[in-house]
Ligand code: CTP
Ligand code: MG
């Protein structure tokens with residue numbers, strides 16, 4: 001499932017983020033290509049803004065296309081509605097340089113028995129909790145923190161249950177955590193970074 005229906009407000013490009021190009025190829029097409037290149041994905045569903053359905057079919061002919069929703073979770077739910085797969089990966093279109101091997105690593109962990117798997121990286125910066133006046137309250141122990149990426153993998157049964165709550169979360173694992181089901185973290189990859197800001201887009205264009 002590739003949620004690609006966001007507007008990319010923080011990026012500020014004239015087209016929704018998944019349709020922005022890096023090296024002449026849209027983020028959406030790059031994400032679909034990486035998923036399929038992994039060799040572990042046999043069906044791709046992308047969720048896009050309604051007005052870009054035809055454009056999505058052009059740039060990602062290998063994928064099935066559905067209309068996304070107003071929140072990320074709505075888009076994931078729309079994609080989930082059209083699959084009967086047993087294992088599902090959810091991957092942000094906004095992570096165009098994700099190595100195919102990361103998809104395979106997530107699936108390996110699912111096959112090994114995990115019901116929910118996310119890639120995560122250690123956090124490099126020192127983290128401070130602040131109050132309303134931007135005064136430092138304390139320094140957070142970063143050794144127990146991970147910056148979590150996609151693709152995130154789940155048994156379809158669990159992911160459906162997590163999405164029944166009709167809530168929104170910045171990632172799918174957040175909804176699974178709310179059910180009290182363990183979420184396993186595997187090693188992430190710096191190349192799976194998310195294009196969120198203009199800086200990230202510059203970085204992607206340099207690295208592509
Ligand atoms: N997404 C989606 N449907 C939404 C919102 C987000 O499918 N209603 C997707 C985005 O297209 C993106 C991924 O979820 O691939 C991660 O979201 P984010 O980085 O927040 O992208 P946008 O919502 O597009 O960006 P912004 O929040 O800056 O508007
Ligand atoms: Mg968003």
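Cβ coordinates come from backbone N, Cα and C, glycine included.
Just so you know, TrEMBL annotations are computer predictions that nobody has curated.
Per TrEMBL, site 'Transition state stabilizer' is recorded for 10, 17. According to TrEMBL, the feature site 'Positions MEP for the nucleophilic attack' maps to 142, 194.
Distribution of TrEMBL features across the structure.
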| residue | record | Cβ contacts under 8 Å, 6 or more apart |
| --- | --- | --- |
| 10 | site 'Transition state stabilizer' | 196, 197 |
| 17 | site 'Transition state stabilizer' | 6, 7, 8, 11, 27, 93, 94, 195 |
| 142 | site 'Positions MEP for the nucleophilic attack' | 122, 123, 125, 126, 127 |
| 194 | site 'Positions MEP for the nucleophilic attack' | 92, 94, 95, 149, 200 |
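A coil conformation is recorded for residue 10 (site 'Transition state stabilizer') in the three-state DSSP classification, outside any helix or strand. According to its DSSP assignment, residue 194 (site 'Positions MEP for the nucleophilic attack') is coil.
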